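Notes follow the structure.
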Amino acid sequence: MHVLVLGSGQLARMMSLAGAPLNIRISALDVDTGNIVHPLTQQSLKCELEDAIAQVDVITAEFEHIPHDILEICEKSGKLIPSASAIKAGGDRRVEKNLLEKANVPNAQHCIIETREDFDRAISHLGLPLVLKSALGGYDGKGQWRLTKDDQIETVWPEIAQCLASGNHQAIVAEQFVSFEREVSIVGTRGKDGNIALYPLAENTHTHGVLALSTAIDEPLLQQQAEAIFAATAKELDYVGVLALEFFELDGTLLVNEIAPRVHNSGHWTQQGAETCQFENHLRAVCGLPLGSTSLTRPTSMINILGEDVLPNEILTIEGCHIHWYGKEKRAGRKMGHINVSSDDNNSLKQTLSRVANLLDIDAFPALHQYTSTLSEYGN
Ligand code: AMP
């Protein structure tokens, strides 16, 4: 099988690595340059998009912000999986909110803002504090504002107005602030036959809005809730492939924060911690193959490497540690790679994470240090 991935970043790269044993070959569209490239080397394959579409068996996406004209061309070929509408739902917070309402899935109360009147109405209807998010183009906490007090209204509005004026049918989704206790996510796969295979929930910690640490957790009651919400959302989208849902946990209840119609950063732990990783399962689903087991094989955490391109080699001497670099040029805060850390049980995983933290700079890995500093009984 030959699969074209829309987007040529680390997710296409990891799909390529996972697809090779199944003889699934990946080409990737660099959306910025329009070039079809090899997902590992980024070398141009000297092929036009139309030719690539004709040559491959399946087209899929590694991110949701794909220009709509490209999605339409791909959809016309009959090869795009998941569908253009599912991909668009992840790329426009208005569509996403509509979907969640239609699927009857709990989420933070919201209003859509297109004008100053809408802005004032959102404040009086939802109350403060509010989280304001651009409907288009926002991810990893970008394109977001917090409005906590009345005296911020007139300083925040010009920024909102500027964002609205950027055109391209932009809008703002105003959301009630959720005083959540934890952020968790579920990653799962839905096959062409409607069968679903779900991974254990991951508990997530963010640094400046960017995922920093994910750990697979075993909490049956939350898992059940997350699985029911996943099934309702995936069915509403008639989804095929890997889908991720991010949640806020509040008093044992899950509210959906965001959906990602693709393989997801909070599922990278599955490369070492699950029977079949998310990248392989996505390819199996879109290629019409049977889904692989999503069972946890070992308790596992994933540490994101943000803005760093060198790590001490000693990390590789720690049993259960695997480094995955993305081959990207260093930039402040950029996702450069991740470390998966696995162990035989949850206690020894915590001890191993403490050993890893001892080798890493606190300024570069604050979430890991924060997490391991709470594990004082392990003598960190
Ligand atoms: P998002 O891009 O929507 O995932 O938002 C980035 C981060 O902002 C989330 O991981 C949360 O930590 C925080 N956040 C987003 N929406 C809300 C909300 N309605 N209430 C509280 N925190 C939020």
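Placed from the backbone N, Cα and C atoms, the Cβ positions cover glycine too.
Taking Cβ-Cβ distances under 8 Å and a sequence gap of 6 or more within the same chain, the neighbours of Arg93 (ATP binding site) are Lys133, Ser134, Ala135, Leu136, Gly138, Val173. For Arg93, Lys133, 138-144, 175-178, Glu183, His206, 257-258, the entry in TrEMBL reads ATP binding site.
Sequence annotations record features per position, and here TrEMBL assigns domain 'ATP-grasp' to 97-287.
Contact annotation for binding-site residues (Arg93, Lys142, Glu175) versus ligand 1: Glu175, each with CB under 6 Å from a ligand atom. If you average pLDDT over the domain 'ATP-grasp' (97-287) in this model, you get 95. Cβ neighbours of Lys142 (ATP binding site) (same chain, under 8 Å, six or more residues apart in sequence): Gly209. Proximity of Glu175 (ATP binding site) to non-local residues of its own chain (separation of 6 or more, Cβ distance below 8 Å) is seen for Ala108, Gln109, His110, Leu126, Leu130, Val131, Leu132, Lys133, given in sequence order. Applying an 8 A CB threshold to same-chain residues 6+ apart, the list for Val178 (ATP binding site) reads Ala108, Phe248, Leu250, Leu255, Asn257.
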